[in-house]
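Down below is the structure, laid out as structure tokens.
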Ligand SMILES: NC(=O)C1=CN([C@@H]2O[C@H](COP(=O)(O)OP(=O)(O)OC[C@H]3O[C@@H](n4cnc5c(N)ncnc54)[C@H](O)[C@@H]3O)[C@@H](O)[C@H]2O)C=CC1
Ligand SMILES: O=C(O)[C@@H]1CCC=N1
């Protein structure tokens, strides 16, 4: 089976590396199509498959095509690919917002899987949701599921609203977590730690808290109460957070991401 990844940026490269690392495809059967000649040159030095800049030289031989360009570039891409698409091909899109129907219409194909991964896929700790059009067979879906599993955890959902919601939670989510980390690192710096000490204190705290939460049945609120001694330091911090709108602000940020995903789907 030949796989073509279109868009050799952050996510395109992540998929190429994961597929090769998992031996799901041989280097000769993996193709990457990149529009930018400069980026294509860089990709050639990275041993992530055969690199192309011209769709007519690689599209027709591909069985599975991964669409990893920005949503704003999708219409131009579809117009370019459409004359050479084949209804037997399976298209896997990871573009935020872009609906299955618009991919089917834009490319003139039926078999479309829409997935929303996230950046930790780079280190095998990704979170992906995916769904598929009716024309995708069970065997094709399992094949793509195996592919997604090389990047971390993946769940099947039965509607595209869940894909947009995934975009707002786990797709964009790493940025929210890193923003919180950035604030704590800045606080640690202001308390006298140097940069590397501050980063270690914060990163290890996040890792520990996440592992606790994932490996046990307690809720976040229950863990918070275990950290908080009556009249102690955590309570002082939590009272300060609760006196502001930070909790609602984080939820509102995620809701803005959902609204933007839906907007991208309409444009
Ligand atoms: N960065 C992230 O954390 C995540 C991104 N996504 C989605 O993945 C997609 C790609 O995102 P990134 O990799 O971050 O973007 P990126 O900007 O790093 O990479 C996109 C690449 O596509 C290339 N490209 C654009 N038009 C093309 C065309 N017509 N033919 C061939 N190549 C073309 C660009 O030159 C660029 O190298 C987006 O649709 C985004 O919504 C999904 C989940 C997470
Ligand atoms: O910011 C974005 O639009 C993409 C989708 C999820 C993460 N990055």
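Using N, Cα and C of the backbone, Cβ positions are placed for all residues, glycine too.
Annotated features in TrEMBL:
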{"type": "DOMAIN", "residues": "2-97", "note": "domain 'Pyrroline-5-carboxylate reductase catalytic N-terminal'"}
{"type": "BINDING", "residues": "6, 7, 8, 9, 10, 11, 68, 69, 70, 71", "note": "NADP(+) binding site"}
{"type": "DOMAIN", "residues": "160-264", "note": "domain 'Pyrroline-5-carboxylate reductase dimerisation'"}
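In the three-state DSSP scheme, residue 70 (NADP(+) binding site) falls into the coil class. Residue 8 (NADP(+) binding site) is surrounded by 28 other CB atoms, counting those within 10 A of its CB over all protein chains shown.
Around the Cβ of residue 70 (NADP(+) binding site), the number of neighbouring Cβ atoms within 10 Å comes to 13.
Confidence over the domain 'Pyrroline-5-carboxylate reductase catalytic N-terminal' (2-97), given as mean pLDDT on the 0 to 100 scale, stands at 96.
For the domain 'Pyrroline-5-carboxylate reductase catalytic N-terminal' (2-97), the DSSP counts in helix, strand and coil order read 43 helix, 19 strand, 34 coil.
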